[in-house]
Amino acid sequence: MARFELQKLYIDGGYVDASNTETFDSINPANGEVLAKIQRASKEDVERAVVAAEKGQKIWAAMTAVERSRILRRAVDILRERNDELAALETLDTGKAISETRYVDIVTGADVLEYYAGLVPAIEGEQIPLRDSSFVYTRREPLGVVAGIGAWNYPIQIALWKSAPALAAGNAMIFKPSEVTSLTTLKLAEIYTEAGVPNGVFNVLTGSGREVGTWITEHPRIEKVSFTGGTDTGKKVMASASSSSLKEVTMELGGKSPLIVFDDADLDRAADIAMMANFYSSGQVCTNGTRVFVPNALKGEFEAKILERVKRIRPGNPEDENINFGPLVSFEHMESVLGYIAKGKEQGARLLCGGDRLTGGVFDKGAFVAATVFTDCTDEMTIVREEIFGPVMSILGYDTEDEVVRRANDTDFGLAAGIVTRDLNRAHRVIHLLEAGICWINAWGESAAQMPVGGYKQSGVGRENGISSLAQYTRIKSVQIELGDYASVF
C-alpha cells in the first residue's frame, strides 16, 4: 500500500482527476517503497490546462507589477515556512540526503523566486527619439502560456527556476515534472495558489515525457517551452516545439565537464573541489566536473588525497541527518550507472575505489552505488566521452597547458568547466579559452540567482536565472508615434 494518497493533476487552482484511469508509481529509491500512485495526464488534460492557463494569464498580466511582486514574495515566505516538510518529501522521492535537501534544494529555489519577485517592477520598455516630431516606444509584454519540463534530480528547484521568471513576467505556466520525481512540484502548485497566484497561472501535469511532454511541446497555443534533461530528448523537444508553432525554447541539457588542476594548485583544495564536483547528490548533477585533468607529475599525490576524502563519504538512509550520500534516483538509473562502470573496467581504466553496487543491511533494498574513481583514463574511453550522471570520477593526466585546453574542449558538450590555480593571469586566460557556459575558478557548483546558467554546444540553448532569463519570457512590441504632419506619396 502506498504511503501517500492518490496524487492528482493540478489544473486551474486545484486538484482534479485525470480524464483517464491510468496511474504510475512514485518509488523511494532508498528502499523500493511505493510512495504514491500518481495520475497520468491525457491529451485532453493538456487542453484543459491550456484553457485554464489562458484564462488565468489574462488576470495575472492585468495586475500591476507591484501586485504580482507581492504575491510572489508571499510564495517565497510559504516555501521557507514549509522548508523542512518539503525537504523531507524531496528526500523520499529522489533519495537525496536530507542534509542536502533541507539546506539547498528548497532554499535555493526560494532564493530564485525572491530574486525575480524583486525584478517584476523593473520590467520596462524604452523610448527612442527619431526626430522632433516622432519617437518610438517599446513594451515588454508576456508571451502568454508557457511550459516547463523538468528533470528528476532537482524537482522543486527546477520548477522554481522555470516558473519564477515566467510568472514574474506575467505569463502562465504548465509544468510537467519528471515521471520519476513528481511529488514536490505538486506541493509548489499548492503554495502558489495559497500565496494568491490566480487560478490557472501554474498548472502541473504528471506523466511521461514521451506522451505528456510531447503533447505539451506540440500544442499550438503554448508560446515557449523550457526543458531540462538529456541532450537526445532535448533535440526532440526542440524539433517538436519549432515544427508545431515556432515556439521559443530554452534548453538546459547534458554535460561532461572538465575540471583542470594546474601544477601550482593547492592540491588539498583541488581534491575538495573534485569531490564536490563528482559526488555531491551522489553524482547526479548536470554540471558535474567528471573529467578531472591533473598534471602527470602530481597525479599520484592527487589520487592519494582523493582516496583519503572518499573515506569521509557516509552512505546510507538519506533520511538520517548524518548521511551525506544517498541512493541513485531509481533502480533503472542504477543499472545504467553500473553499466558505465563496467565499460570503464573493460576499456582499461584503473579502478582506484568503488566500482560496485553497495550491498548489505540498509543497502540491499536501495539503489546504492559506491563512489567510484577511475584513473589512467584516456580521452576515447566511454566513461570519458558520455554523460554518466552518477558517482563516477575519471582522472586524466596531462603535461602542458595547451594540451589540456585542447582536450578539455574535445567534447560535444559545453555546460560547465573549472580550473584550480594560484595564478590569476593563467586562470582568466584559460577560462577564456574553455568552451563552456558556466565556469568556476578555485570553486565548483554554486549557481546564485543572479548568475545566468546554460551551456555551449549540445549542452543547451538560452539561459536560466539572471536578468537575461526574465527578458526571455517577454516579447517586445515597438510603437511609433508621429506628432507632425504625415506625408503620403499618393
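Placement of Cβ uses the backbone N, Cα and C atoms for every residue, glycine included.
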*Swiss-Prot records GLY150, ALA151, TRP152, LYS176, PRO177, SER178, GLU179, GLY230, THR231, ASP232, THR233, CYS286, GLU387 as NAD(+)-binding residues. Which of GLY125, GLY254, GLY361 is assigned to the same site?*
GLY254
*For the K(+) 1 site, Swiss-Prot lists SER26, ILE27, ASP93; sort out which one of VAL146, VAL180, VAL197 goes with them.*
VAL180
*asked:* Helix, strand or coil by DSSP: which one applies to THR233 (NAD(+) binding site)?
replied: helix
*What is the total of other Cβ atoms whose distance to the Cβ of ILE27 (K(+) 1 binding site) is within 10 Å?*
22
*Ten-angstrom check, please: count other Cβ atoms within 10 Å of the Cβ of GLY460 (K(+) 2 binding site), all chains counted.*
28
*Out of the recorded positions GLY150, GLU248, GLU252, give me the one sitting nearest to LYS457 (K(+) 2 binding site) by CA distance.*
GLU252
*Considering only the binding-site residues ILE27, TRP152, VAL180, THR231, which fall within 10 Å of GLU252 (active site, proton acceptor) when distances are taken between Cα atoms?*
THR231
